[in-house]
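Enquirer: Okay, handing you the structure first.
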Amino acid sequence: PTPGQTALPTYHGDLSPHPYLSPREIVVNEANFVRKCISAESCQDDLWGKLVCTNFKVSFITHNSLPRQCTHRLLGEHDIPLACVEQVVTVNDVKGKQKILGSNQKLKFNPTELILYCKDFRIIRFRFDEAGPESAKKVCLAIAHYSHPADPQLLFGFEYVGKRYHGSTACTRVVCSGERMNGIDPGGGMQTTLFDCSSDWDREIKRTGASEWRVCTINQGYFISPSLPEFFVVPVSLADQDLKQYACFFYSQRIPLWCWNHSSGSALVRMSNISDPQQQRKVEQRISSAITKSHPLRSDVFKSDLDKNLPNIQDIQAALLKLRQICVIDPFEESEEKWLSSLESSRWMEYVRTFLRHAVEVVYMLESRNVPVILLEKEDRDLSCVISCLVQLMCDPHCRSLHGFQGLIQKEWVMAGHRFLDRCNHLKKNDKEESPVFLLFLDCVWQLWNQYPAAFEFTEVYLTVLGDSMWVPIFSTFLFNCPRQRAENSRWDWSQQFSLKDQTLFNNPLYVGKIATCVQNGTVKTFTHRRSKKNYSSTLRGLPSALRNGSLGPNDTLARRNSLVLRLRSDLSQVREQQETPSERFIRDFFSRPVDLQGLLLPQLLPSHLSVWKLYFLRWVPEAQIPQGGPITAFHKLSVLTDEIDMLQNQLRQYKGAGGTPNNLHAEHSKMYFKATSTPHQPPAPPEYLSSSFPFSPVGNLCRPGILGSPLSKFLNGAKIWLSTETLANETI
Amino acid sequence: MEKSGSVDSVESLCSSTTTRSDRSSGTRVSDTELRSKGRAIEKVYKDTSKGELPLLPEELVQDSAKDVTYICPFIGPVRGSLTVTNYRLFFRCTDREPVFGLDLPLGVLSRVEKIGAATSRGDVSYGLACKDMRNLRFVHKEPEDSLKKSVFEVLMKFAFPVSNNMSLFAFEYKQVFPENGWRVYDPLAEYKRQGLPKESWRISKVNDRYELCDSYPAALVVPVTITDEELRRVSSFRAKGRIPVLSWIHPESQAAVVRASQPMVGQNGRRCKEDEKLLQAIMDANAQSHKMFIFDARPSVNAAANKMKGGGYESEDAYQNAELVFLDIHNIHVMRESLRKLKEVVYPNIEDSHWLSNLESTHWLEHIKLILAGSLRIADKVESGKTSVVVHCSDGWDRTPQLTSLALIMLDSHYRTIRGFQILLEKEWLSFGHRFQQRVGHGDKNHTDADRSPIFLQFIDCVWQMTRQFPAAFEFNEYFLLTILDHLYSCLFGTFLCNSEQQRLKEEVPKHTVSLWSFVNSQLEEFVNPLYVHYASHVLFPTVGIRHLQLWVTYYIRWNPRMRPQEPVHQRYKELLAKRAELQKRVEELQREAANRTASSTSERAGSPTRSITPVQTFV
């Protein structure tokens, strides 16, 4: 057993009459004979059990079990962390009363029903028909109270984190490295860089070749700015003394931060507004010229004003609320009719696209114009996090590995001081500060991932779970407003939450397979598309479709740069001139070349090429689930194949004298969630429990209010109308 | 009856075509060069820069003109030369390096017209509307000599051969493929594969000479209890004589999918005793259920309106154990209009800010949804309800094949294979008389013909939607579907010509043309979905919500240069497969080696000193 397992025994969820409690977790209140609603249309599938409120979660303890899904180590299948509860609604359907409960409130009626709206889009309902009215009321009030902690100290994570790490920091690194997946670390023996020490930044400077930049330590002990990290990177030409002097001009003393260097030497820097207008020009000039001095060609700095070009945090929050409304709150069939236009009016997809496009513009400046870029944002703590990360993801393949990506989040979000506590509104104090900036970022990453799935080491399950982690306060990365609050406690240790087996769901078989094919023989081998001897297509197909209507051939990029052919002839004045901006040209150039997954990646920005992140937004919607279908079925097939390759390589290693008993070893160490069978030539059919929601399940997780008890006809309008009752009966578990 | 038998060896194929090219005109490049592959694209480009054109067997250059300007909606005007053959339009730019080109079969053109009058400099503008979601525009100087025809006049002649009393290029094209695609579908073999129970169903020869119904196939499957004479009576009661016949039978429950056209009920509620008997017999042939469903694809209002024209729908009085369901799918005119709107929204440019609401306003995905939803209900009744179903619309040749063939794909995994899908098309669409000639308008210049409609495209779109939802359930890939659609219009193959089996036989299409399946099946690996898992007797129930439907961008938006055609997952998967094969080989080699070594080492234990270098197994 690994140290991690002894510290946190796996939650089994079977037959235990008590909730599984983490260290320091205590039961606050509970009610018996509670019914958890499972399906919207009838109560026959409802589960009976005990509803428990602890200082960390809402737990429902039952003897029945639901269909298989990814099991959480700290949370049972019916558990909701308190931090994930968005709204607590109590209902008395006899009296027709309803109340939204906050902290320390009174309830004048006995609730017959409790509805929990969760931040991860779930809607969970409990009924108290058979429960004692008093205990039902008490448990509701307890849940409402504990899900609105008065101060950060009451967020369970603080206690938990304190206990887990206090005085034991020496062993945490050991724990992490010992838990590394299957011994062969995909990141080449690295783990997630935290950027909490000077040497981490030094390594990053070296890795990106930013020789004209240095680590600055003036903020050690947070003496200059509480929201900046203790160590950050500045141009070598700026002395500590100057920086200390400039600090006071910037918004909350945030000295401009170096993010990353492009291989051409152009730096990406983020900067907050200068509060004193009289000093603005002077300070800005000094900073800019210092950055220019650090550039190999002494190029002038390009300033990108994010506040001017991007939606603000309130816009983003409003968009998510609308998206949530159409995804999970509105009755399925109603939202179905106007789905596309409602999706458009939510503006979420538009914002995703705006951020991606802005990042592409910045990439263009760095990549093509070869100039350093400053990202300007008033506080430099929200929009810059998104843009700087996206730029690096597009340019730097290192950021597309699992550890590289986590390091990137650590660098640009955690250390740069994104206010997770406020943006998540964990304390439910100030709704104006709440904004899903991080989720928007994950959606942007997902779009890139969706367009280039083989370029990333992680899967969309990983991105989804990462998004959910904001609501599990154990994962202290997302609990605080700045690195100072976070202190020693930030760790990217997934084994706190998931078993090693479940963590393999994070591994992308396309990427893992790539490593497998490359490492062999020490040479990088590319498998060109094998064509058979005979091919009749070449002539019939004519030119490839991309070239047939005006785009240019694949080997023409150099020629086009100085080509003059776009000039119009005078007699064609009736033709609207195509005003192609240089950055549009840059994008078009990129798309006319074959893509190198280890090089620059630009997203397709046509609105038709961005899709809704279904796994995240629609996973709980029963009507939107594809039983035995969805991308997961392809993932399954790929995983099995990758696993076979891994197995064969183990065998080869064994033959070459590496020794060991690889076959037994393999099962434990496989990187893949779905494994090869012993008969490799008969690929196994995808397991029946797979669905487009896997590893999540809509069962019991989305009970929209207003459907229960409504006339049958209303249900019959639902999407499932197309299936007969026989099929529905087969479908339920 | 069939065109020159299939040739087995590649050599004979090459030689036969080379000789033919020797006879042809000088602009021709050798066929061996044409067929040289792999780097096909660059090759073509190199050739074209030398002024050569890749031509197909029997393809002849008809006219060409220099100094034509193609007004590309994406990069602006491009000058070059335009060549028209009897098969394609080829545009190649002359004044720019890199090479830029357009290459399209004339079959995709639906309209060629002069736009406006000539300018003072004598320039005339031509607009070409295409069936494959694009419009092209050229500017060309009219020839000084008024007797000389402009290249566009030649183009108009060859683009619409049917209107000009010429034959389609498919009748000229003489490529020989190793496999003969006209043999893909054999109705008797297909019904045998379905396990047609002889005690309850029979294959009737009543339509052998297409006398009962000229748009139906020769072989019809009907209940054994119904005589041919009764079928003749039924045919006078069903629109266009398209009587209820079996499409598919469930291997276990024997629930049947039956297709027909609307009953000629009319305003007076006419009845037909034989028709009622036939439907009762269909119901009786399935012992599992005492009920049946009649799916009328139309909206109920339209079905009722058809009574005015003598048509209508089955009344529940006359058909006692049948339940009638309307599926609300609109007619060919609504679909044509929807696609027209879609084309406006996607070509040439996409409006960034209102993309989704613009897409919604075309209703294209909504129609797709209704078709899939209808098919899902049919499949569900057959699979889960074990009930037989009758499907019809008005004539039973548009919405009906959409519904039956989609339901069959859901029900029977055989139709999800490449060859099974070909059989499905041959059977449900071609033999049962979907009016391809009318709906597509091959070689016909009458572009406003109200009979044109993208019914088949819609069906392929639905199939594509299913492949998205079940990426491992189909043997074919997206390129297969794209190829089918491209050759629906190209008129290179005979497969989609004519309106019915009878017409195809009369025109001797199988004898004089090549089947698309000859081409496809001669290079199957191009069309295989590497993720395919064959699991037998697995029924697919797709989710038909609009949330899971998406616009098929690789088809509808493929002309946009920002659109990169790629299937990275499939490509990567193929690489992994190759890797696995290589590793397997090496492991086997080493296994053999090790086995030999242990065999030899046991015989001479003393061993040679060299063996100690390879520590494999020796430490035991």
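Including glycine, each Cβ sits where the backbone N, Cα and C put it.
Just so it is clear, the model here is predicted, and its values are computed rather than measured.
According to TrEMBL, the record shows the following:
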ACT_SITE  B:CYS393  active site, phosphocysteine intermediate
BINDING   B:ASN306, B:LYS307, B:MET308, B:LYS309, B:ASN331, B:ILE332, B:CYS393, B:SER394, B:ASP395, B:GLY396, B:TRP397, B:ASP398, B:ARG399  substrate binding site
COMPBIAS  B:1-14  compositional bias 'Polar residues'
COMPBIAS  B:20-34  compositional bias 'Basic and acidic residues'
COMPBIAS  B:597-620  compositional bias 'Polar residues'
DOMAIN    B:181-556  domain 'Myotubularin phosphatase'
DOMAIN    B:362-409  domain 'Tyrosine specific protein phosphatases'
REGION    B:1-34  region 'Disordered'
REGION    B:590-620  region 'Disordered'
Enquirer: Could you say which of the binding-site residues B:ASN306, B:ASN331 has its Cβ with the most other Cβ atoms inside 10 Å?
Expert: B:ASN306
Enquirer: Neighbour count first, Cβ atoms within 10 Å, every protein chain included; then name which of B:MET308, B:ASP395, B:TRP397, B:ARG399 tops the list of binding-site residues.
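Expert: Per the Cβ count within 10 Å, the most buried is B:ARG399.
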Enquirer: How many of the residues that make up the domain 'Tyrosine specific protein phosphatases' (B:362-409) does DSSP mark as helix, as strand and as coil?
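Expert: Split into helix, strand and coil, the domain 'Tyrosine specific protein phosphatases' (B:362-409) gives 32 helix, 5 strand, 11 coil.
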Enquirer: For B:ASN306 (substrate binding site), name the DSSP secondary structure in the helix/strand/coil scheme.
Expert: helix
Enquirer: Give me the count of other Cβ atoms within 10 A of the Cβ belonging to B:CYS393 (active site, phosphocysteine intermediate).
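Expert: If we count other Cβ atoms within 10 Å of B:CYS393 (active site, phosphocysteine intermediate), we arrive at 28.
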Enquirer: Work out how many Å separate B:ARG399 (substrate binding site) and B:CYS393 (active site, phosphocysteine intermediate) at their Cα atoms, rounded off.
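Expert: Between the alpha carbons of B:ARG399 (substrate binding site) and B:CYS393 (active site, phosphocysteine intermediate) there are 6 Å.
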Enquirer: How far apart, in angstrom, are the most distant Cα atoms among the substrate-binding residues B:ASN306, B:LYS307, B:MET308, B:LYS309, B:ASN331, B:ILE332, B:CYS393, B:SER394, B:ASP395, B:GLY396, B:TRP397, B:ASP398, B:ARG399?
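Expert: Across B:ASN306, B:LYS307, B:MET308, B:LYS309, B:ASN331, B:ILE332, B:CYS393, B:SER394, B:ASP395, B:GLY396, B:TRP397, B:ASP398, B:ARG399, the two farthest Cα atoms sit 21 Å apart.
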Enquirer: Express the predicted model's confidence over the domain 'Tyrosine specific protein phosphatases' (B:362-409) as a mean pLDDT, rounded to an integer.
Expert: 97
Enquirer: How many whole Å apart are the CA atoms of B:ASN331 (substrate binding site) and the residue listed as 'active site, phosphocysteine intermediate'?
Expert: 9
